[in-house]
Amino acid sequence: MTNQFSSTHFLNITENSEKQRIDNFLRKTFKRLPFNLICKIIRTGQIRINKKRINQNYKLKLGDSVRIPPITIQSDSNKKIKLNTRLSIIFNNMILYEDNYFLILNKPSGMSVHSGSGINYGMIENLRILRPYNRYLDLVHRLDRDTSGVLIIAKKRSILRNLHEQLREKKIKKKYVALVHGVWPDILKSISKPLLKTSSRKNKNIVKIDPKGKESITHFNIKKKYTKNTLISITPITGRTHQIRVHLLHLNYPIVLDAKYGIKKLDYFIKNKFNINRLLLHAESINFFHPKRKKNILITAPLDYVFKTVLKNLI
């Protein structure tokens with residue numbers, strides 16, 4: 001089947017769309033277009049803003065005129081995404097809180113929050129298709145694919161901007177729980193080590209401790225000690241990529257079943273005893289100021305069955 005956007009047309013940027021990256025704006029506006037095609041037409045200059053070429057990092061300004069060229073795409077009807085009743089039920093069961101401004105979910109481990117790196121549809125893309133009545137849906141923050149827990153989605157652009165401002169000003173408080181290898185010492189309460197994002201052939205994003213990196217601070221509290229493991233509560237003061245996982249590895253208390261920053265030989269016992277392969281890191285709660293209700297909101301996400309089963313049966 002061939003789908004066509006048959007003629008050149010222009011979009012004028014309003015207040016609801018300003019400050020977005022052009023690639024994200026186009027992905028939300030033209031949901032049928034594959035993201036790699038969006039990147040290509042930007043890169044080749046087919047997308048113009050105010051008659052000028054731009055790159056995909058360009059942030060839209062109020063009043064910008066975006067030129068959209070004619071586009072033809074081939075689609076295989078057998079490969080259409082099937083968002084059936086079962087998937088709708090799965091997403092509905094994730095809901096922790098919802099009002100006219102926010103949708104807050106308990107994200108399962110193993111589910112990507114957005115497309116990219118070989119994933120055509122993440123949670124946010126699926127939600128936009130499942131919920132056409134929500135004119136605007138966007139991620140306030142991100143969680144790693146393997147991390148479970150609280151995920152906030154904004155229903156209005158103005159709400160997204162407000163929450164991003166709260167994040168920048170460190171007014172949003174997040175707490176995580178993790179099962180780590182080793183018996184955690186009572187005196188260890190925090191770590192402050194700079195983190196630098198690098199790349200390698202095997203992994204696109206690898207984060208390491210480096211003096212050239214950004215300031216990164218994480219606080220810890222013990223929840224429960226086991227014979228060879230500890231369940232800890234974690235409060236990241238800064239919000240760097242993979243911050244918790246890298247800091248814990250540096251302290252020699254890696255998270256159980258962390259495929260990227262863990263230690264496989266330590267994971268062997270739990271992996272085989274419980275027949276699991278998920279990172280035991282969970283975004284337990286988030287506390288933020290609701291800009292419309294004018295009060296603080298605390299959202300808590302319960303652990304899933306797998307995580308609870310491991311804790312229940314550990315000695």
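Note that Cβ sites are derived from N, Cα and C of the backbone, with glycine treated the same way.
These numbers come from a predicted model, not from an experiment.
If you look up Swiss-Prot, you'll see 20-90 marked as domain 'S4 RNA-binding', on the strength of sequence analysis. Summarising the annotation, Swiss-Prot assigns active site to ASP144 and lists similarity to another entry as the type of evidence.
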With DSSP assignments reduced to helix, strand and coil, which class does ASP144 (active site) get?
coil
What same-chain residues, at least 6 away in sequence, bring their CB to under 8 Å of the CB of ASP144 (active site)?
HIS242, ARG245, LEU279, LEU281
What mean pLDDT does the predicted model reach across the domain 'S4 RNA-binding' (20-90)?
76
